[in-house]
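Here's the structure, in structure tokens; my notes come after.
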Amino acid sequence: MRAARALLPLLLQACWTAAQDEPETPRAVAFQDCPVDLFFVLDTSESVALRLKPYGALVDKVKSFTKRFIDNLRDRYYRCDRNLVWNAGALHYSDEVEIIQGLTRMPGGRDALKSSVDAVKYFGKGTYTDCAIKKGLEQLLVGGSHLKENKYLIVVTDGHPLEGYKEPCGGLEDAVNEAKHLGVKVFSVAITPDHLEPRLSIIATDHTYRRNFTAADWGQSRDAEEAISQTIDTIVDMIKNNVEQVCCSFECQPARGPPGLRGDPGFEGERGKPGLPGEKGEAGDPGRPGDLGPVGYQGMKGEKGSRGEKGSRGPKGYKGEKGKRGIDGVDGVKGEMGYPGLPGCKGSPGFDGIQGPPGPKGDPGAFGLKGEKGEPGADGEAGRPGSSGPSGDEGQPGEPGPPGEKGEAGDEGNPGPDGAPGERGGPGERGPRGTPGTRGPRGDPGEAGPQGDQGREGPVGVPGDPGEAGPIGPKGYRGDEGPPGSEGARGAPGPAGPPGDPGLMGERGEDGPAGNGTEGFPGFPGYPGNRGAPGINGTKGYPGLKGDEGEAGDPGDDNNDIAPRGVKGAKGYRGPEGPQGPPGHQGPPGPDECEILDIIMKMCSCCECKCGPIDLLFVLDSSESIGLQNFEIAKDFVVKVIDRLSRDELVKFEPGQSYAGVVQYSHSQMQEHVSLRSPSIRNVQELKEAIKSLQWMAGGTFTGEALQYTRDQLLPPSPNNRIALVITDGRSDTQRDTTPLNVLCSPGIQVVSVGIKDVFDFIPGSDQLNVISCQGLAPSQGRPGLSLVKENYAELLEDAFLKNVTAQICIDKKCPDYTCPITFSSPADITILLDGSASVGSHNFDTTKRFAKRLAERFLTAGRTDPAHDVRVAVVQYSGTGQQRPERASLQFLQNYTALASAVDAMDFINDATDVNDALGYVTRFYREASSGAAKKRLLLFSDGNSQGATPAAIEKAVQEAQRAGIEIFVVVVGRQVNEPHIRVLVTGKTAEYDVAYGESHLFRVPSYQALLRGVFHQTVSRKVALG
């Protein structure tokens, strides 16, 4: 025994030493542990990855949220002697799902899980949330604990897209319903802003698992950080509370301790809530029949009756009142004057005019024959009434009338005297229980008893209060008609009726005794007597004078009978030949060559400018950030552009002519195209149907790779004009797509980029759009294109934008040349002399300057038979005496159109008097000093013939002085208020005679200043000035 006691300390020391030598192992999950399986599902699709620059910044915030959440997964001890422990894992997804790390025990695997999350590279493609949720469920069920009540998913997403493509794993609702069926709770956490709340609400198990949870926000504000921290704390607390109810239920608690001492009696409880409604009672006795119901509703409209007979024509209506004066409309913009049309054919003979008014009254005719005897005259009118006859005797009294109706009931009588007092009644029944009294004051607290054990799970609570009344339901249908009621009680007597009609007149009574009254007044005249016999006819009177002419009678009936055609007369003899008439005036010359070419251009349809043949390619961004609705609008835009080119620009999309194709793209190796070269497409109609059938891809954005695909597949070498129209949001994933965006740029291709805001309302990236459209490249590297930016996709379908796009596509039209070219065969110095007087006006002077610039451009760009022949132009403004601009010192002939146009634009309107003679002398001196002898000298003068103090003789002298200097004068006249004699002298230099042929080639007339800029007038003037 003593030996055993001595050996015991040695054995204990050996065991302790052996235990210290064993390697340390991770703590195993004890029986009393309560494990929780938590799995993160992270969205790294395009709508998240490419929303912020630099691309992937929002994904980094999602990863930061996940790592912060993992740091908050700490064990907890419950009072039921159980420990909450965590198992966590994560995956990320786009249109594919990748497991970051499976379920790992915390805290031992915390660092490894955080490192794996930090190493995630975003996919940046489509969004298959249903597949990701089902993959997360698989990880929870296969690798998790045995408690299915403690399994949670945290889905971090922006909810995009809302619609547009079929999710391949059964859809989002199917995945969420599967999670509910398996008992897995799903939290939905938003990536704000621009998240789709409806989709997030579908993902969450119920509204308590959604709330306003946020994983990442754009701003770095304090509020945003607090919202993210609050999201993590709220989710962790909800899980801990739920787990406590699961792991600390009554079945899982350890053995209970001994019962405690009986406590003091509690205070009287408050009055309980009303009990539940009792069972429905038996049906009561039937009530008495109701009163007669109200009049029923109007019945349904009957069928349409047969058509009635035609009514008689109504009377002619009165003339209506004069209407009120309407509101003055807005003045419309005056349109441009149209080109004069060709003379029309001779019209058909007109209809007969309206019959003229009746002529004046004719002279009275001769007396007619004696008339026949007239008929007897009409009866005469009644005579005056005769005197009144004597009054009649008094009649006998009449018989009594029938008895009257029963009178109304009388008023109630006064109350009678009080009766004798009755006997004392017996005791009444017991009354209802009174209301309880007010609660007494609270007593002093007793001594605190020992702390009791945790109570059991309480019973099921009483039902809650009934909810608020629902909304009023729709009006019910009309019920069946009730049975007729019983006959009512007799009503009170009605009011007295009106007095009856007077009775019949009684028979005449006997004559009474003679009266003794005074004689009455004479009676009224009696009624007229009968008509007397006709008297003897008088002697016949003399005939009266003829009456005035009566009014014209109504026109007789039309005579529709065709009169027989008369016999054709014999042909007459030919008359003698008349003398020869004098020669007519010389007619105006016919239209010149420029006007003839203009008429041909207007009349001939084959003269229209033709667009094409062209090779037209559309490249459509079909990524997730575009959205389904915007992609559908882009397809409609393509179809409308093709229709407009076919209809308005007469482009023929058929083999051997023009070609069209469409490419839609998303991420890497995800491109699709349809074109007229496809084997299944035979014509442009089938091409449009194929475009409408394209399905939205909803993936990432690899624009460079798509443009390379377009160049390789759809842009072979071709002699046609090649145009590529790229529609995108300008946010290509250039970090992973290394293909340059200017891959389409080449001298033979024109690229137009259209940037439009995406579903997140982000402004398109102008830097990428400029690169796509070949901006800033040398001509040898590529043809500069065009970059356009729009607010939204709906603007693509606006009429103005469609016109601009078709105009840009057909910018290189092939048009016939009807410009009426001019050629100079010798050197020429031309001066354009503008009228700057007050009668012209500032606005008209600006129009004249624009016309002068057109003429100058035609002169300076005209062809020359010899390149050594110089054509020089000067523009001068004149007004009163000594008022010519520019001054002589600065006036010179110019050959550079840009310099000349700048000088014309800088001219200020003088706005003073008019002195044509002084202006002619100024120009004549200028030609003598600045013009060479070999050059043709031409002067184009603007004038209305009115000049200050000028006479025909003075004008003739100034013009002849210019002609002696070799100057040929051409005159432009605007308007109708002109001095015609002075104009003729300015053109010919002669006051005696006027050469019409010479005048027609040197005088130009227009009705207004606006007409200077219409049509080909500037071509006509410049051609005649050049030919001389």
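Cβ coordinates are placed from backbone N, Cα and C, and glycine is handled just like the others.
These come from Swiss-Prot:
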SIGNAL    1-19  signal peptide
REGION    20-256  region 'N-terminal globular domain'
CARBOHYD  ASN212  N-linked glycosylation site
COMPBIAS  384-394  compositional bias 'Low complexity'
COMPBIAS  457-471  compositional bias 'Low complexity'
COMPBIAS  483-493  compositional bias 'Low complexity'
CARBOHYD  ASN516  N-linked glycosylation site
CARBOHYD  ASN537  N-linked glycosylation site
COMPBIAS  550-560  compositional bias 'Acidic residues'
REGION    593-1028  region 'C-terminal globular domain'
CARBOHYD  ASN804  N-linked glycosylation site
CARBOHYD  ASN896  N-linked glycosylation site
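Here the features listed in Swiss-Prot are placed on the structure.
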residue	record	Cβ contacts under 8 Å, 6 or more apart
ASN212	N-linked glycosylation site	ALA190, ALA227
ASN537	N-linked glycosylation site	none
ASN804	N-linked glycosylation site	none
ASN896	N-linked glycosylation site	LEU860
Exercise for the section: Please classify the secondary structure at ASN896 (N-linked glycosylation site) using three-state DSSP. Expected result: coil
Problem - Arithmetic mean of per-residue pLDDT over the region 'N-terminal globular domain' (20-256) - result: 84
